[in-house]
Amino acid sequence: MAFAGILKDADIAAAIKDCAAADSFNYKTFFVKCGLSAKSSDEVKKAFFVIDQDKSGFIEEDELKFFLQTFKAGARALTDAETKAFLAAGDEDGDGMIGVDEFAVLVKA
């Protein structure tokens with residue numbers, strides 16, 4: 001598990017279950033439920049680099065679409081509306097991507 005040592009499997013499973021229905025994803029609720037919002041800034045940065053699948057240093061829209069699947073294989077993809085809302089919430093500088101500092105702000109929001 002990519003989040004081993006950072007998050008508990010049971011917390012991840014509960015957070016994924018909470019947003020199993022299409023258009024039910026809320027990043028604030030998800031980060032609280034999976035336990036990420038309570039983690040240290042170093043642990044949040046480690047989580048960012050797990051989600052940054054292409055190792056570009058940014059989380060792009062296509063990585064956000066499959067955000068839940070980075071937490072648990074078989075989880076659903078985010079809808080286009082959820083993906084765009086998630087990106088808009090995290091992209092503070094308007095470059096169309098979420099950097100590590102923007103992600104840390106989003107997790108702690």
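Using N, Cα and C of the backbone, Cβ positions are placed for all residues, glycine too.
As recorded in TrEMBL, the features of this protein are as follows:
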type	residues	note
DOMAIN	39-74	domain 'EF-hand'
BINDING	ASP52, ASP54, SER56, PHE58, GLU63	Ca(2+) 1 binding site
BINDING	ASP91, ASP93, ASP95, GLU102	Ca(2+) 2 binding site
Helix, strand and coil totals (DSSP H, G, I; E, B; other) for the domain 'EF-hand' (39-74): 21 helix, 2 strand, 13 coil
Remote residues contacting the domain 'EF-hand' (39-74) - C-beta distance under 8 A, at least 6 residues beyond either end: 2-3, 6-7, 12-13, 15-16, 19, 25, 80, 83-84, 86-87, 90, 96-100, 103-104, 107-108
Neighbours of ASP52, ASP54, SER56, PHE58, GLU63 excl. site residues, C-beta within 8 Å of centre, Ca(2+) 1: ILE51, GLN53, LYS55, GLY57, ILE59, GLU60, MET97
Extra residues within 8 Å (Cβ to Cβ centroid of ASP91, ASP93, ASP95, GLU102), Ca(2+) 2: GLY90, GLU92, GLY94, GLY96, MET97, ILE98, GLY99
Distance, PHE58 (Ca(2+) 1 binding site) to ASP91 (Ca(2+) 2 binding site) (CA atoms, angstrom): 10
Most Cβ neighbours inside 10 Å, all chains, among the binding-site residues ASP54, GLU63, ASP95: GLU63
